[in-house]
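Below: one structure, written as structure tokens.
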Amino acid sequence: MATMVVARPKLILLFSGKRKSGKDYVTDFIHQRLGNEICCILRLSAPLKEQYARERGLDFEELLGSGQYKEQYRADMIAWGERRREQDPGFFCRLAQMGVTQPVWIVSDARRLSDLQWFRTEYPGQTRCIRVEASENTRRQRGWEFTPGIDDAESECGLDHGVNYDWIIHNDEDAVPLEEQLQVLLSLAEQKAGSEAS
Ligand SMILES: Nc1ncnc2c1ncn2[C@@H]1O[C@H](COP(=O)(O)OP(=O)(O)O)[C@@H](O)[C@H]1O
Ligand SMILES: C[C@@](O)(CCOP(=O)(O)OP(=O)(O)O)CC(=O)O
């Protein structure tokens, strides 16, 4: 694979969380607050879903969505992706970063320790880890239901332990408003985006 020169980021925010915890909602909120000039959302699942959809003649946009369409293929996509990660743990990380020029990267869907290790190795010092949390009751209200083989597997549990999170965002209805919870993170991103040193 041709290596593409990637602009060095000044800050990488690696988000993880269970299905329907609100990873996309929270990262979209941050992206809207910071603006597309200084930050970009990277989805590790996007290059996976694109290739998977191409190989199986499926609708890539639907796989990117939050509806039931992707759930039909989730288990097979997980297995398909894990076969590739076994050969090259950074395969999807490298693809997701291609072409990004903004100084602040928001990775919305880290799932495995290998994801964290890849970014921490490639970009030591720039990487922060954030966990989005919501109660199972809240997640059920958003359409989640426990699925054996999915919710008890690495894809959903790989970052449950062994990670010192820099921030934990509580994303239930009765939680502190996101704007307040994210204040320090947003200030750090704006400061890093404006700084010279990477
Ligand atoms: N704080 C929130 N307020 C309102 N709706 C939310 C909130 N967090 C998540 N949602 C909604 O819940 C659903 C699941 O959120 P999403 O970000 O897609 O979860 P994940 O990416 O973790 O699976 C989406 O419809 C989203 O709009
Ligand atoms: C095969 C996957 O990449 C599918 C991920 O799809 P989404 O990122 O859409 O999942 P949620 O937003 O948490 O519902 C998971 C993996 O193990 O790589």
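Using N, Cα and C of the backbone, Cβ positions are placed for all residues, glycine too.
A quick note: this is a predicted structure, and the numbers were derived from the prediction, not measured.
As annotated by TrEMBL, ATP binding site applies to Lys18, Arg19, Lys20, Ser21, Gly22, Lys23, Asp24, Arg142, Asn171, Gln181. Cβ-based neighbour count (10 Å, all protein chains) for Lys20 (ATP binding site) stands at 20.
Sequence-distant contacts (6 or more apart, same chain, Cβ under 8 Å) of Asn171 (ATP binding site) comprise Gly17, Ser21, Gly22, Tyr25, Val26, Val132, Glu133, Ala134, Thr138, Leu178. Within 10 Å of the C-beta atom of Lys18 (ATP binding site) sit 19 other C-beta atoms, taking all shown protein chains into account. Least packed by the Cβ count within 10 Å, out of the binding-site residues Gly22, Asp24, is Asp24. DSSP assigns Gly22 (ATP binding site) to coil, not to a helix or a strand.
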